[in-house]
Every structure is written in C-alpha cells, then in structure tokens.
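Per Swiss-Prot, the features are:
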{"type": "BINDING", "residues": "Gly105, Val106, Thr107, Ser108, Ser109, Gly110, Lys111, Thr112", "note": "ATP binding site"}
{"type": "COILED", "residues": "346-385", "note": "coiled coil"}
{"type": "COILED", "residues": "733-814", "note": "coiled coil"}
{"type": "COILED", "residues": "839-875", "note": "coiled coil"}
{"type": "COMPBIAS", "residues": "813-823", "note": "compositional bias 'Basic residues'"}
{"type": "COMPBIAS", "residues": "824-840", "note": "compositional bias 'Basic and acidic residues'"}
{"type": "DOMAIN", "residues": "26-344", "note": "domain 'Kinesin motor'"}
{"type": "REGION", "residues": "803-840", "note": "region 'Disordered'"}
Amino acid sequence: MASRHRRGAFPAGAKAAPEAEAAKESVAVAVRFRPLSPREVRRGEKIAWYADGETVARSEQSNLAYAYDRVFGPTTTTRHIYDAVAQYVVNGAMKGINGTIFAYGVTSSGKTHTMHGDQISPGVIPLAVKDIFNIIQETPNREFLLRVSYLEIYNEVVNDLLNPAGQNLRIREDLQGTIVEGIKEEAVLSPVHALSLIAAGEELRHVGSTNFNLLSSRSHTIFTLTIESSPRGQSNEAEAVTLSQLNLIDLAGSESSRVETAGVHQKEGSYINKSLLTLGKVISKLTDEKATHIPFRDSKLTRLLKSSLSGQGRVSLICTVTPASSNSEETHNTLKFAHRAKHIEIQATQNKIMDARSLIKKYQNEIRQLKEELEQLRRSIRTGTPIEDTMQKKHHLLETKEDCNVKLQSRLEQGEEAKAALLERIEHLTELILVSAKASRTTKSSHCPRRRHSFGEEELAYLPYERQDIILDNESNMLFVPIEGFGEKFKSSPKEETENQKGHLNWLNLRKCDSGSTNLTSSDGENPSSTKSLPALSTPLGIGFFNVTSEQRMSDYMLAENVPANLLCVGHREFPSDSLPVQETPLVSRKTSDHVDILREQFNILSGEVALHQSVLKRLSEEAGKNAMNEQIEMEMKVVNDEVKLNKQKIASLERRISNSMSNSRGMHDNLELSLPYIEIPEQLNEKAFQLEASECQEFLLSERTTFQHNTGIVQETGSQAHKGKPLPSDVSDEFLKKASQAEIDELKQRVSELTEAKSQLDSCNHKLLEESTYAKGLASVTSVELKALSVKVTKLMKQNERLSSELASGRNQRRGSHGPRGARRESHTKRYEPARRGDMNALEAMLKEKDQRQAELHTKIEESKQKEAFLEKELANMWTVLANLKKTRGIDQEDFDSKYNGSWA
C-alpha cells in the first residue's frame, strides 16, 4: 500500500508515554576493523590502526588513540556486534521507542557486509528481523502489526525499492515530522516475508565497481520497520497502543581522490561525498552548544535522519574501518567522525497512541449519549411544561428544537460513518496482526532470557552468498567451517571457550516445549557430572562444525515458531499483500499441521542425540577395556546408557504421537511423504558429524592414555594382587605416591625450564634493544660532531663571501675613477635623453595598436556590408519571383507591363 510515510512522526493523537522524564543517553558508537584484503597483503601493506582492547582504537604510527563504547577486531563476528550495540535498540523499538542503526565508513570498509551479510554470516538487518519475530513469539500477552518500507537516496533523489514506479519521491515536513510522499508500505507476516522484500529491493539498488570493490554501493538505503503493539484481549481496552519505527541504514562509502572514476561514477561519488559531508556538519553542529542553526535541509539524507539525530530515539552507529597503512588518513577521518557522534545527547521516550478499538468505544459511547439526549428532548417536548406561552416563545422553542434535531442527526450520521470505517479497518488489520503461537505465560516466565534462534533454509535463501571480493579468497575457507565476520578463523570469547570446554554434550541443550508435549533436556542438564570428563574440542574446526550442525538441526524447529498463527500451515513463499484476501484454513488443520511439524523436529533431534550417545558410548567402552580400574569412565558409560534409554523411550512416544496425529488428518499424509527424504539428509549429516567427533575423542583419549602410561603397570599389579586376595604392601602405595609426586615435580621442572627459556629470550631481546639504543646514541653523537664541523665551515664561507664582495666593490670604484670626465659625460647624456626615447616608443606602439583596431573595425564593417548586400539580393530575387507569379495569375502581357512600367517611370 502506497502512503505518505512519516519518519519519526506518528498519526494524530500520538503522544509520549505518561511516565517520568527519561534519562539522557548518548549515541552508542562502535568501531569495526576489517582484516587486510589479499591485495593489501600482496602489496605489503602494514597495520596503521588497531583495536587496543574492547574500547580503544589506537594508531601504530603515532600516539593517537580514541575511546568508544565498543571496538571490534578483525575476527569479531557480526552476531557478536549485533548483541553488543544493536540488540538494545531493537528491544526498545519493540517497546515503543524509536531506533536507528546505521553503518558509516569509506568504500570497501565492510558497511554492506555488516548491515546485510551473507548466508554464512547474516548481517545486522537479518538479525534484527529475526529477533523481532522471536520477541513476538515470546510476548503472548500482546499483538503486533509490522509494516516495512525500503528506499534509497541516489544522486539526491529518493527512490522506492519496493515499488519500481516510485521514483523521485517528494520529501516534505510538517508539525508531525518528515514525510516521504507516495512510498509503499508492506505488511509482513514472517521473517521469510521480510527478507524476501529486502532481497527484491536490493535488486533495484544502484551498485557499481570501483578500484577497491567489485560491487560497491552507489546509494544510501533506509529499511524502516513500523511496529504497532497493543494489549491482547479485551481486558485492557483503556491502555494505549505503542507505535515505533526502527530505521536500519546502509550508507554508501565516501570516496577519496585516489579512486579513479569518470562519467557517471564521478557524478555519483560527488553526490555521495556531499551528503556525507553534510552529515558530518550536522553532527558537528549538534555537539556544539553555541550552534544556532543546524543544516538538516542541505541534503536528503540529513532531512530523513533529522528525527533520529535530534534525540527522539535510540541511535547506534557502527563505523567500519580498514587498518591498512594506505588508507590511514581515511580511517583517521572516520574515527574522528565517530568521536564527534559520541557526544550527541538523546532522550528516548515511549510513543503511545489511542487504539482504534478504543476509538470505536468512544464513538459508541458518544452516539449513545447523543441518542439519550435526543430522546430526553423528544420526551420533554411531548409531555410539555405548564408555561404561559406566548406565540413568540413557542416559535423560538420550535426553531431551537429543529436546530438541535439537525445537529444531532448530523453527528449521528458522522459517528455511524466513522464507526463503519473503523470497523472495516479493524477487520482488515486483524488479518495482519501478529500474535504469539504460544500459550500465555506468567510474568515470571516472560522475563526469562531469550534463546538465540538460528536461520532456516528459506530465510537463508534470501540472503546473498558469501562475498568473494571483500577480504579473503575462497581457497582459505573450509567447506564446513562457519567463518563469520570477514572470513577470518572463528575465535571464541573467553566466556565461550570456557563453555566449550565443558564437553561435547553442551551443544545438545535443547529448547523446552512450552506446550504439553514432551520436555527435551540435555544430558548435562540432568547429570552435571557426566560432562566433566568428556574432552573439549581442541581446534576451532571442531567448534565451528558443531555450531553449524546444531544451528541447522534447530533451524526448522525455530522457524515454525516465528510464523504467525494464521500462516503456520502455509508451505509456499508467497505472502498475501494488503489488497489480496488471505485464504483462511480451518483451525483444526492448522493446529494438526503445526503439531506434526513440531513432533517431527523433535524426532530428528532425538535421533541425532541417540547416534551421538552411541558413538560416545562405543569410545568409552573401548577406553574402559584398556583401563579396567577407571571408575570415572564406568560412571560416564552408565550415564550415557541412561540417556540412550531415555531418548529411545522419547522416540517411541514421538512415533506413536506422530502416527496418531497423521491418522487424524487426511491431508497431512502427502506432506509427510514429501518430507521423509528431507529427514534422511540431516541424519546423514549427523552421522558424518558423529564420525568426526569420534575421531576427535579418539585423539584426546590417546593423549590421555600416554600421560598415564607410567601408572599402568602399578595399577595392573595391584589389581592382580586384589584378585588373589593378598594384602597390598605399604611400599607399593608409597611407591605409587612417590611416582605421582615425581610426575608433578617433572611437570613443574618442565614449566620452570619453559619459563627460563622465555626469560632468556626476553634477556636476549633486551640485550638487542640495548645494543640498538647504544648504536642510536653513537649515531646521535657523531651527527652532533658533524653538525658542529658544518657550522664552522659555514661561518668560514660567509666570511670569505664578505671579503670577495668587498673586493668586487672596490674594483668597480677604481674602474669608474679611471674613465675620467668623458665617461661621466656620456652617462649623463644617456640619462638625459632616455625618457624622451621611451616616450616616443610608447607613442609609436599606441599608434600601431589604434591602427590595428581600425583595420579590424573596417574588416567587420566590410563583412557586415557584404552580408547585407547578399541579403538584399535574395530579397530582390524573391520580389521578382513574386511579380512573375502575379503576372501569371492576372494574365498581364509582359510587353504591356513593361510599357506601363517604363511609362510610369518616364
């Protein structure tokens, strides 16, 4: 639906929440460093700027440093950046607080990768869309309406990316904010629907190739989500509706003079630099307390960002920079821009409007009151009052009665029309309202932390493939390693590393079903001790592999929760627009299909768990056969056996429930047969994953076995003596303790040797540094001596120059004295007549110039006369032709005409 879209503004009746004045905040600023590209590495580029900790960006070449809210290195993933600086803006938007997230930086610094991402590493926009629908699912006591719009600013022209016909849209302002007239707003029903609209808009966006990037954005884009939320049910009719906007902005990169462009690209670059320069001026004025005028209207971008930059909502700025030394100046300018933006103060408040259904109640009450007033008036007129009326008073009462009747009737008609229109709008919007598919929970459960949901295959289909021209070659990326960020190897945070070291079974922590279905818990949740002895993955490869496996296995299950209640059984990707009616399926079939899908996903997850437990059990049994006295391994085997039995029972119950559900629904049989091949594919992938995990476990256990080889003989001897019934001698236990203490002493000695080696290395480094410092001091002393010698030479040369100049002056004076009075007479003669000669020369030159000017004027006059002569000849020829035509038409003889003509002249 095309409408006049307000940015940072709301319909009439909108007002801030009646709460205490919100505390002042500042713009959240984050800086993201991308790694060096292969081309920069081949050129031998050096690191000019780097991330010093989590909050400081420091220069390698000087002592400059800037502090921000967060600073991310090249190995940081986009999901981590979203959790740190963008998620709180999205949460505020879901509560009615406006939010803006935008990326700023030079060309090829990674802005589009940060905002949009790819299938391996989704960007901020897909993560925000996914998070919004997750919040909707976890808020069963409210209902939501989501509308999206997508526009671009190309060469200072606003274009609609969701409507190809919407070009050169007009921007105007009124008391309620900035309005983009004619932009299309689309109501979205699921993450797949929103991502498909983004992908369609990206097809219309202007891109081009530059010296730094094969596909460079040539326009600014603004993706806006308008979020309406109201209480669910009839219990809270008086509560207002919250309305907010979330702007996700991908700015085009500023270009330096080193970018060789021409023609259209040069024009695009000039417009991009102009808008970004205006943005920098606006931010500088906003941070200047003495500024009286802020130039918001100097560019389309700043006009649209006026409400966000003026402090009417939360703002998060992500500045992407490159650490290469060739772009050191551009990186410094970006960091200065981010430092200025950090000082902008904002005061975010919640926006509330009156609910449409509350307006209906208001109109109904008003109509009822008007009808009561009208009935009372009619009743009073019928019964009458004992008044000594005159005719004039009766006439006046009749007139007032008629006026009141007309007014009341018109108000009744207006109220009925407004009521009908609002009822029609509510009926239309109810089809687009998103509600949670879960049952209402208590307040305590609603405040539980939200679990991270992964992207499904349908959602990933609308994200671009991994960009090959940004940072790394594809040869360095493994096929099954989910490398986020800019293609660097995945590096977990210290907290994540400690969590990964708890064991392989940690990734089996599954989401508990909120309904009455079977609850799924991980093994470490039931028996915390069962995971302590399991080996942790020692390489990033294993970590990345299991992250991919768990996300792929959970994706389809989580996707079913993010689809609205009226679209749970839709199997295709086409979504109804505002103008098309939505086909409603019966409630029973929708619940049955939803239930069967969830049971099927639980079946797949449990089968994967059983396969993993069996592989771990097999490995533990082999280890137990080799180490007969290891009680810890036996306990783990017992725990895993219990887990396998419990999961098999759950699988059997799920199979029974699936068969019962399938028997109750006829139409679901074909869908189940179609989905069986898709069930086999995750099982095959899980088997491959389990094989890889088994090999990792084997390597770990082999390393553990080698560490305990020196105790194997003693354990076997004590075991044989225990079987024979002999008492254990005390010297054996003492020997065992001695060997254990000896092993600890050896380990400590090894550590001491390592520390001594490190100390020796540090001493050698210090020695080298001392040598270099002494060498530098020697050079400084030598240079000082040379400078002194040079200064002495310079003074000598200056004195010699003065002596030579004095000799030259004396020689000239002697020569003048030798010429005598004759030479002086000649010089006086030349000086006397030289001004006269110069005056004559100047007069001659002036006369020559005047002559040339006159000749040029004469030439121009001659040319003009020739042109006039030619023009007159043409006119004369035309006159003769006209006369000939006249003679022919009138039939006059030529001789008579000549005689008359000559006679008249005679």
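Backbone N, Cα and C atoms are what each Cβ position is placed from, and that goes for glycine too.
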Look up Lys111 (ATP binding site) in the DSSP assignment and reduce it to helix, strand or coil.
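Its secondary structure by DSSP: helix.
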Any idea which of the binding-site residues Thr107, Ser109, Thr112 has the thinnest Cβ neighbourhood at 10 Å?
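Each of the binding-site residues Thr107, Ser109, Thr112 was scored; lowest Cβ tally within 10 Å is Thr107.
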Once the DSSP letters are reduced so that anything not helix or strand counts as coil, what is Val106 (ATP binding site)?
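In three-state terms, Val106 (ATP binding site) counts as strand.
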How many other Cβ atoms are found within 10 Å of the Cβ atom of Ser108 (ATP binding site), counting all protein chains shown?
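Ser108 (ATP binding site) is surrounded by 24 other Cβ atoms within 10 Å.
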